C-alpha cells in the first residue's frame, strides 16, 4: 500500500473517531499524520464532532489547526452544526478561535438564524454578544427575529430585540415580525413586539396589516391586544376589505363582534388604570360582615346618632369629589383619597330596625348600587364572616351551621372561578408547549426515517441495477461463447471434410496416374515385338474396328486391369464418403463399367443419370473419336498411339464428370449441414433469450416486493 493510500485510510479513521467522540484515537491518528478528509456530504471531522457535542474532540481538532470555516455540501460550517443542536460550550470554543459568524448556508441562514429557529436562547445570546449580524436576511428575506417570532420563542425574541434587531423589517412577502406573530397566534410574542414599539399599521404585499391577518385566522386574543395597542380598523387591503370585512368574509363572528366594539375597547384600554384605582377604593370601603348573634347584641347599645345616615354620606362624597383635582394630577388625588378613607368608610354597627327609615334605605341603596364588583378582578376577598355588616345584606349558613351575613352584591364563587380560569389557561399553555415539543420530535424522527428510507431505496436501486447489468453481461458472454464454439465446431467439421475429400481426390489421381503409366508401359512393350509376330500385331486393330462383339473381347484382352482398378476405386470411394453421398456412389457404379465399354457405346450412354450438357459434349467427342475408325477404309490400320490417346482422354473426361458430381453432392451436403447448424444456433439463442427474460422478470418482481416492504 502506497503512502497516499495509508494517509487516506488514516483520514477515514479520523472521521469515524471524531463522529464517535474517541479522543485518544483522534490524538493518535493526528500524530500518525492523518489529514482532514470529508464525508460524502462534504463534512469534516470538526463538523461531525461539533454536531455530536464532543467538546474534547473539537478542542483537539482546533489545536491541530483544523479549518474553522469549511462548508459542507449544504454550505454549513461547524458553527452552524453546533448551533443546530444548541451546544453552547462548542459555540464558545469556536467563537473564541475566531470563526466566521455570518456565513450563510444554501438557504441563506446564518448560525443566528438557526439558534432563533430552534429557540436556543443561550446560543443566540452568545452569538449576539460575539457580534453576529442581527439584521442578516436569508433567501426568503427573513431575519432571525422573524424566525423566533414564527416559532414563539419569547426569550430569543427578547434577546434579539435587545441586541438591536428591528421589528419593522419586512421579508420578501412584505411581512413584519408582527405579521408573523399574529399569523401563528403567538400572543406573548405580539406583546413583546408591541412593547418594543413595533408599528401596528405596516402592510405586507397583499395590503394586509397584522389586524387583517389575525381577523382572517380567528385569533381573538391577538385582535384584542392589537386593538388595545391602537390598531386602525379602517385600513383597507388590496382586496378593498377592512379587518371587519375580512372577519365576516372568513366567517369569524366573535372576531367581527370585537371589531365592531373597537371604540369601546379603545376607551376601555385608556381608562383601565382609573378603573383599577376605583376597584381598589371600592374594596377598601366595604365593611366586614360579622355573625348575626354579635349584631343582635350590639343593637341595644348603639344609638341612631352614632350611625351616619345616607344623607350625611352623600354630602361627604360630594365634598370629596369637589376636592379631587383633574385626572392629570394623579398623585394629589391619591393622597386626598387616602385622607378621606377614614371619613367615608368608618361605618358603625347596624342601627336598630325601628330607627331605619325607608328613605334612608333607598338612599343607601342608590348610593351603594353603582359600586359593583368587577368580573375580571383577580383579588381574593376575605371570608364573608370577616366583613362588617352592611345596612343591606344577605344571609347564608356557614360550614359550622351558623347563620352568616354577607354583602348583597358579592359572590363567593368568583375568586374560585378566577383561580380555576388562570389554572386552566396555564394548563392549556403547558399542553401547547408539550404538543409543540412532541411535534418537533416527531417531525425530526419522521425526517430521519424518511431520509434513511430514501437512502436505502437508492442503495437497493443501485444494487439491482448492478445485478441486472452483471446478469445481462454474463448472459451475453455465454451466448457469444456458445456461438463461437458452434462456429469453431462447424469450421472444424468443414476442414475435416475438405481434408478427406482432398485425400480421396489425391488417391484417385494417383490411381489414374498408375493406370496411365501401366498402359504406356504395355504400349511400349507391344510397340517392339519380334519380327515373326508383326503380322498378328498389325491385324489386331483391324479386328478392333470390326463389330461390337469383337471390340468387347479385344478390350477385355488388352486391358484386364481397367475393370479391377475402377471397381476397387469405386468401392474405396464409397467407403470413404459419408452416408449422404449415396447418390454419388451409385453414379460412380454406373460410370465405372462405362469406362470399359467406351469404344462400343456412344456419348449419350456414358452418363444417363446426370443429364448434363457436358455428357452431351463428351458423347460428341467420343463419336468424333470413333468416326475415323468407321470411315477409314478396311485396308488402313490405326496406329497404337492414337488408341492410347483416345483411351486417356476418355478416362480424363470420366474422372472430370465424376469430380463434378461429387463436388455438387458435397456442396448440397455442406449447405444442409450449415442450415442445420444455423437452426440449432437460433433455437438455442431463443431459449437463452427466453431464460434471460424470465430471470429479469423475476428480479424485477423481487425489487418491487422489496420496495413495498421498505415503504410499509
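Glycine is treated like the rest: Cβ placed from N, Cα and C.
Bear in mind that the values here come from a model prediction, so they are computed numbers and not experimental data.
Residues annotated as compositional bias 'Basic and acidic residues' in Swiss-Prot: 280-296 (among others).
If you look up Swiss-Prot, you'll see 298-313 (among others) marked as compositional bias 'Polar residues'.
Per Swiss-Prot, compositional bias 'Basic and acidic residues' is recorded for 316-334 (among others).
Annotation source Swiss-Prot lists compositional bias 'Basic residues' at 362-378 (among others).
The compositional bias 'Low complexity' annotation in Swiss-Prot covers 536-556 (among others).
Taken from Swiss-Prot, the feature compositional bias 'Polar residues' covers 598-613 (among others).
Look at Swiss-Prot and you will find 614-625 (among others) tagged as compositional bias 'Basic residues'.
Look at Swiss-Prot and you will find 626-643 (among others) tagged as compositional bias 'Low complexity'.
Per Swiss-Prot, region 'Disordered' is recorded for 277-382 (among others).
The region 'Disordered' annotation in Swiss-Prot covers 521-647 (among others).
What Swiss-Prot records for 9-38 is repeat 'ANK 1'. Confidence annotation: the repeat 'ANK 1' (9-38) carries a mean pLDDT of 76 in the model.
Applying DSSP to the repeat 'ANK 2' (41-70) sorts its residues as follows: 17 helix, 0 strand, 13 coil. Among the features that Swiss-Prot reports, repeat 'ANK 2' is placed at 41-70.
For the repeat 'ANK 3' (74-103), the residues of the chain that approach it from at least six positions outside its boundaries are 41, 43-44, 46-47, 50-51, 53, 55, 58-59, 62, 68, 109-112, 114-115, 118, 120, 122-123, 126-127, 130-133, 136, judged by C-beta separation under 8 angstroms. The repeat 'ANK 3' annotation in Swiss-Prot covers 74-103.
Residues or ranges marked as repeat 'ANK 4' in Swiss-Prot: 107-136. Within the chain, the repeat 'ANK 4' (107-136) has long-range Cβ neighbours (under 8 A, six or more residues past its boundaries) at 77, 79-80, 83-84, 86-88, 91-92, 95, 101, 142-145, 147-148, 150-151, 153, 155-156, 159-160, 162-166, 169.
According to Swiss-Prot, the feature repeat 'ANK 5' maps to 140-169. Helix first, then strand, then coil: DSSP counts for the repeat 'ANK 5' (140-169) stand at 16 helix, 0 strand, 14 coil.
Residues or ranges marked as repeat 'ANK 6' by Swiss-Prot: 173-202.
Long-range contacts of the repeat 'ANK 7' (206-235) within the same chain: residues 174, 176, 178-179, 181-183, 185, 187, 190-191, 194, 200, 241-244, 246-247, 249-250, 252, 254-256, 258-259, 262, 265-266, 268-269, each at least 6 residues beyond the stretch ends and with a Cβ under 8 Å from a Cβ of the stretch.
Here the repeat 'ANK 7' (206-235) has, by DSSP, the following mix of helix, strand and coil residues: 16 helix, 0 strand, 14 coil. Nonlocal intrachain contacts for the repeat 'ANK 1' (9-38), taken as residues 6+ away from its ends with a CB within less than 8 angstroms of a stretch CB, comprise 1, 44-46, 48-49, 52, 54, 56-57, 60-61, 64, 66-67, 70, 72.
A Cβ distance under 8 Å defines the sequence-distant neighbours of the repeat 'ANK 5' (140-169), meaning residues of its chain 6+ beyond its ends; these are 107-108, 110, 112-113, 115-121, 124-125, 128, 134, 175-178, 180-181, 184, 186, 188-189, 192-193, 196-199, 202, 436. Here the repeat 'ANK 8' (239-268) has, by DSSP, the following mix of helix, strand and coil residues: 22 helix, 0 strand, 8 coil. Sorting the repeat 'ANK 6' (173-202) by DSSP state (H, G, I as helix; E, B as strand; all else coil) yields 16 helix, 0 strand, 14 coil.
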